[in-house]
Amino acid sequence: MDKPVGIIMGSQSDWQTMREAAKILDELGVSYETKIVSAHRTPDRLWDYGKSAVSRGLKVIIAGAGGAAHLPGMMASKTRVPVIGVPVQTKALSGVDSLYSIVQMPKGYPVATMAIGAAGAANAGLMAAGILAITDAALAERLDAWRAALSASIPEEPSDD
Ligand code: RP5
């Protein structure tokens, strides 16, 4: 069966952040592929990935990049498969550069942009699962259970420990 989610990132150095999306998909039993696809360093790889995304059965693409983060937007321009963008935190500008690069897409080629860093990557996994759950009742049940468990883990009162 085709893997429905593609997790792509601009560099090996992004994997530490992007693995948070992968962890969530593992927890929810969603299969995915992972690839390094750089808008700047491997533009031909980006082109081929976007061109073949629909025919390869991808339903959602999670794209993470940092700095001048063109990967999510370029991927959105190349395929109608929904792209969820993750701004990777950077040393120079703390990821605000990544966020602005990803979020301000012109009309016509949307990127669903998450928060900067690990929380954004985890939420990208959850967002991808939510999209797939629209047509997958078993996944919808697992996602509901995941959300309920998170909610149940929150104490009503703070503790000193
Ligand atoms: C971006 O440049 C990547 O997405 C990464 O976040 C950043 C730095 O890449 P490396 O120099 O660590 O390979 O293209």
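Each Cβ is built from the backbone N, Cα and C atoms, and glycine gets one as well.
Quantities reported herein were computed from a predicted structural model and do not represent experimental measurements.
Here is what TrEMBL says about this protein:
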| type | residues | note |
| --- | --- | --- |
| DOMAIN | 3-154 | domain 'PurE' |
| BINDING | Ser11, Asp14, Arg41 | substrate binding site |
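Structure coloured by features recorded in TrEMBL.
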| residue | record | Cβ within 10 Å |
| --- | --- | --- |
| Ser11 | substrate binding site | 18 |
| Asp14 | substrate binding site | 25 |
| Arg41 | substrate binding site | 11 |
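With respect to ligand 1, the binding-site residues Ser11, Asp14, Arg41 contribute Ser11, Asp14 as residues with a C-beta closer than 6 angstroms to one of its atoms, given in sequence order.
Per-residue confidence over the domain 'PurE' (3-154) averages out at a pLDDT of 98.
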